[in-house]
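Novice: In case it helps, TrEMBL gives these features for our protein:
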- Asp109: active site, nucleophile (ACT_SITE)
- Tyr165: substrate binding site (BINDING)
- 1-13: compositional bias 'Pro residues' (COMPBIAS)
- 347-452: domain 'Pseudouridine synthase I TruA alpha/beta' (DOMAIN)
- 1-47: region 'Disordered' (REGION)
- 209-306: region 'Disordered' (REGION)
- 530-554: region 'Disordered' (REGION)
Amino acid sequence: MAAAPPPPSPPSAKRPKMSSSSDPEADAEPTSPSAAADPGQPRRPRYKRRKVAILLGYCGAGYQGMQKNPGARTIEGDLEEALYQSGAVPEADRAAPRRYDWARAARTDKGVSAAAQVVSGRFYVDPPGFIDRLNAQLAPQIRAYGYVRVTNSFNAKKFCDRRRYLYLLPVFALDPSAHPDREAVMASMGSGSELTKCLECSERGRKVPGVMGREGKLPGPGENGANAPVEGTVDSHDESGSIGNAKCDPTISDGGSTSVHGEPGFSSNEKLDLPAFGDGTGAGNAELGSNGVGDAPSDGSIGNEENKLEVTATEEKVKGSNGDEKLPTKSDFSYTDEVKERFNRILKYYVGTHNFHNFTTRTKAEDPAAKRFIISFAADRVVSLDGMDFIRCEVVGQSFMLHQIRKMIGLAVAVMRNCAPESIYDVAFRKDVNLNVPTAPEVGLYLDECMFTSYNKKWKDSHEAVSMELYYEEAEEFKAKYIFTHIAAMEHKEGAVALWLHSLNHRNYPDFRYMETAGAEAKVGAEVADDDEAKVGAEVDSIEEVQMPSDNGK
């Protein structure tokens, strides 16, 4: 009788592509077969994947945001490619971030920068020098500071419990007389405190296609002249609506006292010496506008003297109401204690848990995601960047929606400039009220820190803390060299905030008058109800008067 064949040996287990095992060989990079077969050949070192959190910063100029988007240049796209080129990601996982557990702590909008972003995943970080290899593959305006070993279950998005953003707002943005819209200028004529049209903003606006006339040349008669409606927005990514006639006129109106904006002084400013904006790559990005458009090239057809604007707002003489010519004066507006107290009072309306459906796009009031918790919102300091004063607005929250911070700043500025009443916050968070809220320019916003308080507390005995503490000086240097320089350059060169201020009017944002219209409707409704009650009462009285004699006769 023939012996039974031996049982087949079990197939060898396949090594998973993404192992969560703590076995050091599980994620090891395999050696080549020839190296294993030839004992005389030096063996190639075997490295393993490690779950790490990478801390980095970037300037958002020239990028379409953090999140990877097909066909667009994004921070995440450049970072993923740099990880592959530096050897942190194998060829099999290239352009497949899910295979190495990719996650980001925050998703910044187009043009928004970050001083301390955190991403996580499983990477080959050995041999030593991983950060240097990674930075060698990145543009100068993206800089990795270091990495931290984390637990296998760590996820930069889910484990981040707080995020802090800063918005650097020019002080003049809170001055109601700085950069007024055309309607405000016309309404002020003859009042004794006339507002002045901005020559500088008129020239800046023409360099942005679709904002004021044609790019690089002045509109002539019949070519969308100064008094014709203008289509377009300052920022094509912005949802704030068309500027239209709100743009300032290139000519100065005959008015009284002027309020042409300079850079307001502040005795206790924090002065920051800003270096040049990096090398050629960074400098090129510094020239980009909020919509990615730089200065228009000079056109030979603009040789006409009548089509040139060679005078600036500080050189042009303005006729007063008495016919005398005088130079425009600098605004004496500053961030005084009184202004600071009012601005911080307005920002505190956002603190707490609210329904922020009016402060984002594509999120309905009924969506649970519209409810967000803001931990703090304050603007207590003024910093000076390249001779211009900026208010440091700091907001801390659990998470934020698309455009949420920019819209919160936008409405707060509108209230400070008396475009909207402070009472608008009584209805801004109501689910049954829909408001069109202005979106402040993105250039002044940057992510300052991502916090992992709960994670650090839980794993403090076995893992390093995910924190920027070790890289604070490096991050401050990066901010001064790239982020602050870009913010100052954009305001000096293109007037990102100054142009946006001209759009804050009741024509573009009729909801600024919501409290007036809602109050009028409520008043009319109350009057109608009172009239109805009075009529019913009169009818009842007449019935009683008719019935009483018959009752008495019975």
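Glycine residues also receive a Cβ, built from the backbone N, Cα and C atoms like all the rest.
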Novice: Using the alpha carbons only, what distance in Å do you get between Asp109 (active site, nucleophile) and Tyr165 (substrate binding site) once rounded?
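Specialist: Distance between the two Cα atoms comes out at 12 Å.
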Novice: On average, what pLDDT score does this prediction assign to the domain 'Pseudouridine synthase I TruA alpha/beta' (347-452)?
Specialist: 97
Novice: Rank the recorded positions Asp109, Tyr165 by how many other Cβ atoms lie within 10 Å of each Cβ and give me the one with the fewest.
Specialist: Asp109
Novice: For the domain 'Pseudouridine synthase I TruA alpha/beta' (347-452), how many residues does DSSP put in helix, in strand and in coil?
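Specialist: Final tally across the stretch: 30 helix, 36 strand, 40 coil.
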